[in-house]
């Protein structure tokens, strides 16, 4: 079982690195004899940026493509001249209207609660059009950045739903909060901005720490206590193993909880109320369990029975909430399916192991009680025979 946990931990830490993939935008051909000398596959949301850049005039001709999208969605591509995030970005937005025509316009993003209302950008925009065909939406535009502008841009791209010709709020999970990076107009290289890369890494670390601690070590510690203490030869080893697993889970879990609080403070306007609430509850009752261990009565104490009931009940509540919250985290982080499947596999394996041990434990307990009953009966019979023999001898004398 410990090997299983170790293997899963190694796999989860591998999750912190994301694989690169080959550029595919260069193979794309635009209609109308449009040609773009440079292009890049963007990291998320099935998007691509094609462009021509004239350094002498500072003009940037772009075509932003978003593939695999329905006609009831909006798309946007933006440049942020002041920072690497969403706020402050100068956006180009496009969507298909209810009459079938395409609408493309500009909007400056001043807050996370933006309504994507039309407005002028901090630079000139011309030739702004949009097209939609074969589940692909494209924004065309020419941007007048100026000859003195930086050649490394902070870019942001996004998509969301449209309702009655009005763009709605986009998702705040998974790829939709990872769709930002840099674009070097001269070298053609794209990258993830330092802040975004750091935030994504913190999210992954938060997920790994909590999955390993609350989601794996806690159940392992509970299994150890429930099934090893039946065997007298495992006493007090089972207790020390139980304490080690639960203490390690708590310490690592608090570290994961702390990274979650830090992420929350850095992600203004992004809230995961259910995940956050369960996390706070887990921290509180986990801390309560730790202090309860320090107040544990001795085995012969009259309150020990009640303490055991409390300890077991709260422990199982912690495990259930932990597993639920980890799946909440998977829905938020949206990693590759294999990581969620791997955790499901670990939980199923632990559950199957517990079922097997439960059956074996009951077998051992019943067998032990049967042996004790037989031994008592044998002692009783021997005692009765001995008494009769003594009486008989006494009568003879």
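Glycine residues also receive a Cβ, built from the backbone N, Cα and C atoms like all the rest.
Within the listed segments 277-295, 372-390, TrEMBL records transmembrane segment for the stretch 277-295. Counting every protein chain shown, 19 other Cβ atoms lie within 10 Å of the Cβ of residue 275 (heme b binding site). There are 21 other CB atoms within 10 A of the CB of residue 242 (heme b binding site), with all protein chains counted.
Every protein chain considered, the tally of other Cβ atoms within 10 Å of the Cβ of residue 206 (heme b binding site) stands at 22.
Using a 10 Å Cβ-Cβ cutoff, residue 311 (heme b binding site) registers 15 neighbours.
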